[in-house]
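Participant: What follows is a structure written as structure tokens; I'll ask about it next.
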């Protein structure tokens, strides 16, 4: 499916059919690599550089780890630099399931100068960022990009032939990533140094076009330096961490906001110079707390758009939800310094320090856990060594740390027997937290004369279940198809090349039907596979009979019912990966908790069991945007089951989003459901290992959900128009895909809201604006109208006699330039006034003129029932257009003249016919006389001709003539006969 949808990132999920031994579900990435090119000898070669096949230990052993930066869920190819003194990168299109070491084809220029201070030259690739189709790298102070060849994205075979240097006149000290795309673009930021210290360049990647906005934002004062920058897409501004030089005191840091829409700088907050005194898990910095003499050294920032969470890190960790008030996490030691953060964007994050320590933080809590090195890590490694695992050795170096499908992974270089290899392995976060709990939380109980060590479970519940979950497709917006392979009739049952080719063709045809279903005219049946089998299901029993008797072609049988769209997918007792909410919609579920037995203490004095259960387990819902979402939690105590049932309802408040195209410009937010006191304490043992319990973080996207569209309901429109107008006349040349409507009839249009995910299709009940934006007398002559013409042809305020249509509805837009229509409107009356394009249409045949209108229907700004900005453009065929008065009079005059001329010609013909006949007879008689005379002289003997006199000739001639006349009078109906004269 993603190939047809213009995506280059694909995932293949493989699951068991439930028969035989249990098999774990597996997910594979099948991404399109646009940086490979097929050579003439049918080999593949990288376009970005040359592949290196020898992974020397020097490249990885004792080399510091580095972050893996890319556009989340968007980049098909990931790259990682940081190999010392080499212009090498690790490149992968399977999230490091396999990878390639590539030497880049870049010039590696030396740019150290007075304006670009550079202590030493190195070939190391410091910063590497991967977007959907473009790779960015920084070497020394130079920035390069390379665009891959992605025909699926760009609809052209366009790609970079070589690395392109950008910002050639700038000295770049750091690239800052933007983890999410927005507004149809991806972004990247570059911080300057040297002569232009204190500037940030904001780059926009749209397709294969890269550009940098200018002039770039700079520091608010003269002597300052920008340490880091993050992009806030919802506010369309930059947050910059600025170091400001103070002449009398130490340098201090500020968080500065830069509005990209209205360029302006605003100082948001000033960070404290020393670190606060420790003693608590967290501390709200208000300025009244006590401080230590240990200075704060900020090094970077991180922003999570789903939680509106800003993190500032260095030798400390601060978090803020409004960019002004900060919370200091005291668990992180001030002696360490953070190198980079890794966020799953599903509720947890990992922290890597300069000494390669790994810390873990669950968002929504303030307790930090040290994963590596730790006692739990040592215990886990020993167990893995005992199992002789090939993924762990005593000599290993971490290359990077990253999240994939909400799971934390390490890319490590293992040395074993002087041989090294690069592997990807899962970071056992849950196991390490369990070991940490067992080692830190224990109590010694006195039993007789001896102390015993019981292992106490500090989790407040024994069972937690999610219940009453709705069908997930409504909220996840994932379209699913069922496409079983054809059945082989061979005794072995194995597929061959023919059956696989048939299956591939069927899948391709299914993809084509999926992509072509987005047409303006709605089908009678709302299903993209309906047209495939609608005319073939009559013969289904016949094909089944052939297959039953092994008579199918190529021994392949295709079951028509095996290719369909799935609309009723059931929930699997877990919250969906993400939730899409339209205007006023809600998501409801329940959480069932069984309280741990020893924690229930019935109080004396008649306290009920329900009152005792309630304080032991508490459920909280944390919303990232409480002004946009509303959560309602209802509690029901099940005393007889020692349990509590919580009903949770998440609703949209109809206040934080305007209107947008389906699936675009969505507002990112989140919902966190947590059981109090479960962080790092509650785990469930499953067949896939331990799993953390008690915290559910779900990303929520507010706006118009993907897969919803507006369609012209041609079936009901024809039926209703026939009913209201008492008749229906189609065109002479019938087109079943585009029926015609008569000009003089009132036109009643109806539209459908079709949900391509759930299969729902219902009448559009909202308001909309209808405009004619183009047209022409034929399909080939349709042209687009200008904005001025659209106003004149559609606005009821037009005074230029240019209206194409009108309606009796009095509701108009705010300006009021256009009419507002609903499904209860009084219909459309076609006008085609004097200055409209459909006025005085010249007919090309003997039938009445026709016209094709290009109609735009939009609910933007007039419909308050949804966040969706529905826009539908379709062609409307109107026939029976009247002629103008002048042209009608001209045609009448010409027709009358022709008719009168024909009548006169007929009369003249009737009067002159006898005369003409008589003249023809006379002419004929004369012609006969001439022929007779010539015949007489030809057949008379020569002697008689010489001796005969003129008198004899005249007598003979006169006698012959008189004889002929007499015969005609006696027998007028007989055929004249020739008499020979001898």
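Please read every residue number as a count from 1 along the shown chain.
A Cβ is built for glycine as well, from the same backbone N, Cα and C atoms used for every other residue.
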Participant: Of the ranges 828-857, 858-887, 888-917, which one does TrEMBL flag as transmembrane segment?
Facilitator: 888-917
Participant: Who are the long-range neighbours of the domain 'CATSPERG N-terminal' (1-31) in its own chain, taking Cβ under 8 Å and residues 6 or more past its ends?
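Facilitator: Distal contacts: 73-77, 93-95, 97, 132-133, 150, 152-153, 405, 479, 481, 511-512, 514-515, 687-688.
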Participant: How do the residues of the domain 'CATSPERG N-terminal' (1-31) split into helix, strand and coil according to DSSP?
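Facilitator: Going by DSSP assignments, the domain 'CATSPERG N-terminal' (1-31) contains 0 helix, 8 strand, 23 coil.
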Participant: Summarise the model confidence on the domain 'CATSPERG C-terminal' (727-928) as a single mean pLDDT, whole number.
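Facilitator: Average per-residue pLDDT within the domain 'CATSPERG C-terminal' (727-928): 90.
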Participant: Count up the helix, strand and coil residues in the domain 'CATSPERG Ig-like' (574-701) according to DSSP, in that order.
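Facilitator: Counting residues by DSSP class gives 14 helix, 63 strand, 51 coil.
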